[in-house]
Structure formats: C-alpha cells, structure tokens
Amino acid sequence: MKKLLVIDFKEKIKYEDAWNFQRKLHDLRVNNIIYDTLILLEHFPVITLGKFGNESNLLKRKEELEDIGIDFLRVDRGGDITYHGPLQLVGYLIFRVEGVKNFVLKIERSIINVLNEYGIEAKENLKYPGVWVGDRKIAAIGIAIKKKVSYHGFALNVSNDLTPFSYIIPCGLKDKKVTSILKEADFSPSMEDVKKKVCLSVVREFGFDSFKVFNFSSYKELSNFDMLLEDQ
C-alpha cells in the first residue's frame, strides 16, 4: 500500500526552520524510516535564490530588504529567485523519485487540478517549470534530489501581496509576470480549503492509496516529532 504522510503547519514558519526540518525528513526517507511526506505551510517574508540562480535578479539591496522585513537566503534547490510570504501556500515534497521530469509534471498537474476547481484555467509550460495562467506564473516549482529522494517543492500564490515580486526578476524571467488565485478568480479561498484540495490532488496524481495528516500549530511543536515515527 502506497501511503502519504502530510504535515500541516497552522502558523507561519521561518524558512530556515522549514529547511532544517526537510533535511531531517530527507534522511529518514532515504533510509525508508518514513513514507513519502508532504509539508504544507506559509512562510514569513523571504526571498530565496536557488543554487544556480543569478544574484543580479535581486533588484533591491539586501539592506533594503532587511529594512522592510524580508529575509534573503541562498538555498540548495533548483531554479532561480523567488519570494515566499504570508497567504502563499508552500508545499515541500519529501518523496522517493524515479524520474525527475515526470515528478515535476505530477506536481504541476496537482496544482492545475486545484486551480481548475476555483475556475482558473491554468497550464504547465514545457519550457519553464511552474504553473501558468496565460503568461502569468501562479505557482513556482524548485526542487532538489539527493539519493533519489526529493526536498523543496512548490509555492502557490493564493491571496498574498504580490508587491515583493517587483523586488526581483521572478525565476530570472524578465518578460513574465506573477499572479494569484485572488487576482485570477476575484475571491480569496481560505488557506485550509486550498491545503485540503492540494492534498487530495497530490494523492490522486501520485497514486497514493491513503494518507494521514498531522497538524502542528508551530515549529516548536516538533518536539513531538516522535509521533510521526510511531505511525510508520
């Protein structure tokens, strides 16, 4: 039986904390101690630059970002530069991966299914990873794979402020814009509804037989991390 573990954080999480958590789960998945795991959360404002990204795509000085409460980090995922913040759904996938292209395509289709439910006609782009509405990117994807297990994942703009994307050249694409569910559908679904739809869509696209959700109000609650292992 193919089972999915879902970890749902109810409060915003610092990027560094989520990054460290992913690495712990990655080690556990590599050693077959846990099932494939999907982490769903929102971040405090942060701009991240992928390992092959170009820092010239950052349009503000780091000191300016700090003054307006946005962190900046260079990270070990693929992709270029992007922004994460409140009311944007971030999903991290700690999955065993057989084929990279097919894996990314399943992530994209999982998100497209959700957007279709909100009446948004979205699609993948064979040239540029992510999910698009016309020429506007609504979800970014950046992953890393080590020892055939993934980490990092996707960021879906729900009803977040899009202004911080003007501080960067998103994903290094100068002629592309960003959008959100709010902007495209003219209403703001609850984050809980989006999470539920994403979870069910991932289960369908990746062919899981069952899933179990663990809710945490904050990163500090991970002192109860053993409860995840006991369920395996």
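Every residue, even glycine, has its Cβ placed from backbone N, Cα and C.
Residues or ranges marked as domain 'BPL/LPL catalytic' by Swiss-Prot: 32-219.
Remark: Ile81 (substrate binding site) has Ile47, Thr48, Leu49, Gly50, Gly53, Asn54, Asn57, Leu58, Ile168, Ile169, Pro170, Cys171, Gly172 as non-local neighbours, by Cβ distance under 8 Å and separation of at least 6 in sequence. The feature substrate binding site is assigned by Swiss-Prot to Arg77, Gly78, Gly79, Asp80, Ile81, Thr82, Tyr83, His84, Ala140, Ile141, Gly142, Gly153, Phe154, Ala155, with sequence analysis given as support.
Sequence annotations record features per position, and here Swiss-Prot assigns site 'Lowers pKa of active site Cys' to Lys137. Under the three-state DSSP scheme, Lys137 (site 'Lowers pKa of active site Cys') falls in the strand class. Neighbour count (other Cβ atoms within 10 Å of the Cβ, all protein chains): 25 for Lys137 (site 'Lowers pKa of active site Cys').
Around Cys171 (active site, acyl-thioester intermediate), taking its Cβ as the centre, 22 other Cβ atoms fall within 10 Å, counting all chains. What Swiss-Prot records for Cys171 is active site, acyl-thioester intermediate, and it gives sequence analysis as the kind of evidence.
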| query | Taking the Cβ of Phe154 (substrate binding site) as the centre, how many other Cβ atoms fall within a 10 Å radius? | reply | 23
| query | Over all shown protein chains, what is the count of other CB atoms within 10 A of the CB belonging to Tyr83 (substrate binding site)? | reply | 25
| message | Mean pLDDT across the domain 'BPL/LPL catalytic' (32-219), rounded to an integer, is what? | response | 95
